[in-house]
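What Swiss-Prot says about this one:
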- Glu81: active site (ACT_SITE)
- Cys144: active site (ACT_SITE)
- His169: active site (ACT_SITE)
Amino acid sequence: MPTLLLTGFEPFHTHPDNPSAQAAQELHGLELPGGWGVHSALLPVEPHAAGAALTRLLSEQDPGAVLLTGLAAGRPQVTLERVGVGVMDFQIPDNAGQTYRDQPIEPDAPAAYLATLPLRAILAAWREAEIPGDISNSAGLYVCNFVLYHALHWLREHGRGAVPCGFLHVPANAAVALAVPADRPPLPYLPQSEITRAVRVAAEAITAQSSVLQMGKM
């Protein structure tokens with residue numbers, strides 16, 4: 001059975017919850033059309049620990065597709081990231097209390113990698129399912145961008161560059177939105193069930209496209 005590796009992140013910063021973690025946990029073990037199975041895992045919000053965990057997952061699971069997810073509090077809808085860039089630069093401490101400035105992720109590696117997910121097919125599937133979504137041209141320079149770049153680099157370096165791989169940012173859920181202090185601007189949010197549904201539809205679109213490509217090579 002081919003595997004889609006699905007990751008989410010633990011809660012971080014001031015957020016009491018991470019909707020990407022909930023979606024990943026809810027979809028673990030899901031059987032998708034075409035005989036695909038979902039293997040979910042949670043990543044720590046610390047770049048080096050997340051990179052080590054992701055390397056282990058990629059090596060052990062040997063996935064046929066990779067869908068990384070994380071929270072982008074403030075975005076009103078689900079968004080697919082087009083590119084991962086090879087630098088860390090953030091002032092919000094990670095969960096190890098660290099910040100980084102202009103720090104290369106992989107010295108002497110490409111400055112950026114384009115995601116290899118079927119972005120337009122996912123957008124079309126969302127639209128058919130009445131889920132608003134879009135493509136983003138910046139995953140930021142925090143841990144979300146780190147794991148996107150790390151996964152794409154690892155796959156390329158290990159001869160797996162054709163494996164569909166990319167990142168999906170989800171908006172806040174109600175728990176995250178309700179944790180915002182009353183004197184701060186409110187966050188847009190979606191019910192957790194809708195966030196999970198968007199991740200599931202994306203996974204189905206990825207594996208459907210991959211199955212078609214595999215059949216074309218037979």
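Cβ coordinates are placed from backbone N, Cα and C, and glycine is handled just like the others.
Overlay of Swiss-Prot feature records on the structure.
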residue : record      : DSSP (3 states)
Glu81   : active site : strand
Cys144  : active site : helix
His169  : active site : strand
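Cβ neighbour count for His169 (active site) (all protein chains, 10 Å cutoff from its Cβ): 22. Counting every protein chain shown, the number of other Cβ atoms lying within 10 Å of the Cβ of Cys144 (active site) is 25. Between the CA atoms of Glu81 (active site) and Cys144 (active site) there is a gap of 10 Å. Taking CA atoms as the reference points, Cys144 (active site) and His169 (active site) are 8 Å apart.
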